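S.K.: Below: one structure in structure tokens.
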């Protein structure tokens with residue numbers, strides 16, 4: 001009898017069901033549950049099999065063709081019930097209700113005749129029916145069903161599970177709300193980025209901190225790359241900027257970059273970088289020096305070449321690291337790497353094994369600005385960089401000052417820092433626009449014994465200013481961009497022991513050529529980063545650059561990478577090659593090689609721009625040199641012409657001789673000045689070519705190096 005209640009529903013057939021979100025679709029019947037008069041159905045959604053338990057009433061309401069047929073004959077006194085009433089009675093599965101309705105109910109028990117009686121009234125209905133003797137017309141099964149009446153709709157297991165999940169969800173939401181309220185009390189709610197602040201704090205709470213300490217061992221590296229984080233400065237604190245840099249261990253740096261989804265939901269993208277050493281904002285200069293530059297001091301006493309670079313955005317702490325602590329605008333040079341390295345050099349000189357060498361210590365300090373070299377110890381005199389027949393790079397006119405103690409070094413540093421070129425950029429109001437190179441040179445009987453070069457590089461955000469409307473700004477950005485690319489490739493070549501180093505691609509690497517060549521050369525790079533969220537992009541650029549420098553040194557399998565040669569359309573520069581004779585110069589070859597090795601960072605348009613700038617700088621130097629030679633020649637012409645004029649004052653001077661000599665002087669003047677004029681015209685054409693190339697720059701990655 002119970003199976004008949006399911007009507008035409010069978011296991012394996014498909015029925016229409018209604019989901020909780022209102023969707024109606026088909027599902028397959030997998031079981032019939034007689035105990036609670038329900039069926040279990042399953043369907044496939046998004047590749048997953050899902051199931052649900054549904055009562056018969058819901059099934060029959062959506063699938064009326066599955067309703068069971070009436071198997072009890074209606075009373076002959078009553079007309080056949082209509083199809084609608086039949087369906088309504090069967091839906092409730094109470095087929096005895098029709099017989100009960102046939103007898104008029106007692107007046108004191110009107111509820112019995114109602115097919116929609118509430119469950120609380122059903123016991124009274126049952127007792128009243130028994131008192132009136134109506135039970136004799138009903139079968140025992142029907143009587144039992146009538147005694148309990150139409151039961152309330154029983155909850156399926158799925159519904160119970162959903163209710164449990166909903167209850168847990170509400171409880172969890174309440175806890176989260178309480179937690180948010182508690183956090184709001186702990187943080188400054190007026191900070192527009194307090195949500196990001198809470199995310200960063202929660203993330204840091206899950207980290208295991210093991211920072212670098214002075215007790216950690218110093219590893220031997222031919223190329224050492226480390227990162228130093230500075231604390232938030234006064235301006236950033238006033239602006240309520242957030243610290244988005246975390247250094248959980250001695251060699252790991254994490255950047256919490258704030259991002260925003262399409263629905264304006266904010267979230268963090270945590271990026272991790274690994275280096276040789278990572279210094280947090282509590283590390284003093286002495287600790288940074290101990291792990292970076294100090295191991296290089298002994299190299300120069302072993303007839304080696306050492307270099308230490310400070311790289312990063314302006315204001316990130318490069319000059320603080322290299323020059324010393326600041327107290328307002330005054331700098332304590334005794335706490336910088338310059339002075340610390342000089343101190344150790346003089347201490348090493350006193351050791352017995354080095355004292356017998358009778359070494360002399362010299363120092364130089366110069367800057368490289370827009371591809372030109374200036375002596376900071378000689379009133380910023382412009383210097384020339386030439387390569388001799390032995391392929392040794394010579395900085396003509398650079399003064400070397402002998403130093404006897406650390407105090408002498410500090411005086412030279414003060415003199416040089418006061419002359420260094422600086423200016424305003426898009427990132428900072430006071431940006432170092434030049435590379436400052438301080439060198440400690442050891443000589444033995446006048447011959448070079450070792451050299452330690454300490455370089456405070458220009459702010460790397462300046463390298464993004466290659467499309468500026470101002471030519472001087474463009475040239476600054478182009479030279480910084482090119483020199484940083486060349487520096488990276490030279491360090492890579494040093495780490496891989498490559499046969500060729502593209503040092504001629506920039507003035508910086510050309511001057512430091514001897515530091516990248518030779519078995520006894522060592523390099524250290526200190527990447528300084530700002531912790532503020534406002535500097536996040538520049539910080540990521542600095543970390544990516546430093547990571548690429550070290551990344552390839554530990555991956556020798558990539559040494560055989562071959563990059564296709566870039567082809568560029570002919571330009572006006574190519575037309576000038578024949579006249580100027582610099583088309584196949586070593587500088588241009590190294591520049592092309594440099595751009596080919598960095599195709600992911602240098603677009604063809606940017607390469608054309610760098611090529612135009614290099615060509616223009618070479619032509620500028622040649623025009624200035626020729627102009628200087630013409631000027632010197634003009635002085636001689638004046639003397640010759642003065643002698644001719646004095647000759648004409650004589651009574652019987654030789655007119656033929658006068659005319660011949662004057663004509664010779666004029667022809668010489670015309671030839672030299674015509675040649676200079678042609679070069680000036682070509683130089684102006686190169687200036688226009690550079691301006692056109694700057695307007696077509698479309699770098700593949702719109703960021704500074």
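Placed from the backbone N, Cα and C atoms, the Cβ positions cover glycine too.
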S.K.: Which residue does Swiss-Prot record as N6-acetyllysine, given the choices 101, 146, 382?
M.R.: 101
S.K.: Looking at phosphoserine as annotated by Swiss-Prot, pick the matching residue from 139, 530.
M.R.: 139
S.K.: Determine the mean pLDDT over the domain 'Kinesin motor' (222-552), rounding to the nearest whole number.
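M.R.: That stretch averages a pLDDT of 85.
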